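A.B. asks: This is the structure, below, for whatever I ask next.
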């Protein structure tokens, strides 16, 4: 039944997308748990806060102007929309720009959840040194000037990439490259963490990493399956491809880590799973399941090796946004040029006449996909860096915390609460004197130069591999019954 002819929509399609949108929303707390587990304990809650708050900011931005800039049907320039749908005006029961199977008001909700997840991914760039309030100002403008234009290119019926025939099913460009390359640019503007903070950096809670990964995997089923915009065969193919790519990505990454560490890393398995999910995002609605085996294997392999890029560039991409999301998105987009099939694309019964890749003898699809990848990568990096630097120059909105704040942890200086504040511990680390700071009436201040005894104690260890956050005998961590002079601070 053609909804444009009858003015009605299939209730099954509507219900399917409502549920898929709710599953995509579930990815936001999944990201929060994942980032919290990957960080040090002293900055875990700040990342949860950043992901949660960015979700609220993006909902406002998408309602206010974002949807109109990405999908307004009257814009014709091919690069960004206009303000016809400002404040969701005239977004009601007409067939959506993405598919005639669902109404536009539902389409706007589903696309909003994509935007929320993208912003949440990008918040990983703050890890352990970024201030959260300036990041919220940044994310509003980033959505406006980076995400919305790229979404317009790929998905708007007037977008230049859409009209050129680019195959990007669920967001390899706007979501994955946008957040991955954007996260790299944001980390570049922030600068590297203190070198001592980079020594022996490891996740503080691998259990949360696993929980967050499987919450993401669950949500990704709705993310990719819902991008068929109806309860149809194409959605089932997208879900199958998502599952296959994720499983092979996790296994391959884990094996690659085992060859070096001789341990079956849980963090490695989770990293590979996410790499496979990322690569499935642009490809899952175009491929047959056998092709997704290749997608998962290549994503797990190339994303694993790409974690070394940040060392070559000397950019402190602490949570590997570039390696996971940008490289994974590029893998999925480029493999569309080889394995996309017209028969799979048409299984939603409305996307007719779209050509696949090389398996359909469409040889030019390779350079179309490559050009799109280059354009989105370049635009994402340059515009993210410009937006971040502009916000950073505004008085009071400096993106990075102070050196003492970085040492104490973002939870202490930015949030005032802690992710694991269920017990108070005394620490060589918890004693601010370890870091050379004392809590004063105006905040944390350096010790006076006259404190020679402490200065000698803390400067005598010249070993560059000595971890500042490990207590040394005989000063072991022990329970306290009251707060110490630094307050209840428990960084790892």
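Each residue, glycine too, has its Cβ placed from N, Cα and C.
According to TrEMBL, the record shows the following:
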COMPBIAS  462-485  compositional bias 'Basic and acidic residues'
DOMAIN    16-419  domain 'Ammonium transporter AmtB-like'
REGION    453-492  region 'Disordered'
TRANSMEM  14-35  transmembrane segment
TRANSMEM  47-65  transmembrane segment
TRANSMEM  105-126  transmembrane segment
TRANSMEM  133-157  transmembrane segment
TRANSMEM  169-191  transmembrane segment
TRANSMEM  203-223  transmembrane segment
TRANSMEM  235-256  transmembrane segment
TRANSMEM  263-281  transmembrane segment
TRANSMEM  287-306  transmembrane segment
TRANSMEM  326-346  transmembrane segment
TRANSMEM  366-388  transmembrane segment
A.B. asks: For the transmembrane segment (235-256) and the transmembrane segment (287-306), does the number of C-beta pairs under 8 Å, pairs 6 or more apart in sequence, reach 3 or more?
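C.D. replies: The answer is yes, given that the two segments have at least 3 Cβ pairs within the 8 Å cut-off.
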A.B. asks: How about the transmembrane segment (133-157) and the transmembrane segment (287-306): at least 3 CB pairs under 8 Å, pairs 6 or more apart in sequence, or not?
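C.D. replies: Stretch pair does not touch.
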A.B. asks: Mean pLDDT across the domain 'Ammonium transporter AmtB-like' (16-419), rounded to an integer, is what?
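C.D. replies: Averaging the confidence scores along the domain 'Ammonium transporter AmtB-like' (16-419) gives 95.
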A.B. asks: Please indicate, using numbers and ranges, the residues of the same chain that are 6 or more beyond the transmembrane segment (105-126) and have a C-beta under 8 Å from a C-beta there.
C.D. replies: 14, 17-18, 20-21, 24-25, 27-28, 31-32, 35, 46-47, 50-51, 54-55, 57-59, 61-63, 66-67, 70-71, 88, 91-93, 96-99, 132, 135, 139, 142-143, 147, 151, 155, 170-171, 174-175, 178-180, 182-184, 186-187, 190, 219, 223, 226, 229, 317-319, 321, 325, 410
A.B. asks: Other than its close neighbours in sequence, what residues sit by the transmembrane segment (326-346), given a CB gap under 8 Å and a spacing of at least six beyond its ends?
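C.D. replies: Distant contacts of the transmembrane segment (326-346): 167-169, 171-173, 175-177, 179-181, 184, 234, 237, 274-283, 285-288, 291, 294-295, 298-299, 302-303, 306, 352, 354-360, 365-366, 368-370, 372-373, 377.
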A.B. asks: Between the stretches 14-35, 47-65, 203-223, 366-388, which one has more Cβ pairs under 8 Å with the transmembrane segment (169-191) than any other?
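C.D. replies: Per the Cβ count, the answer is 366-388.
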A.B. asks: Cβ under 8 Å to the transmembrane segment (47-65), counting only same-chain residues 6 or more beyond its ends: which ones?
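C.D. replies: Result: 28-29, 31-33, 35-36, 39, 83, 86-88, 108, 111-112, 115-116, 119-120, 122-124, 126-127, 130, 132, 135-136, 139-140, 143-144, 410, 414-415, 419.
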A.B. asks: Please give the sequence-distant neighbours of the transmembrane segment (366-388): residues at least 6 beyond its ends with Cβ less than 8 Å from one of its Cβ atoms.
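C.D. replies: The answer is 138, 141-142, 145-146, 149-150, 153-154, 161, 164-168, 173-174, 177-178, 181-182, 184-186, 188-190, 326, 330, 333-334, 336-338, 357-358, 399.
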A.B. asks: Same-chain Cβ contacts of the transmembrane segment (203-223) under 8 Å, 6 or more residues past its ends?
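C.D. replies: Here the qualifying positions are 19-27, 29-41, 44, 114, 117, 170, 239, 242-243, 246, 266-267, 270, 273-274, 277, 280-281, 420, 492.
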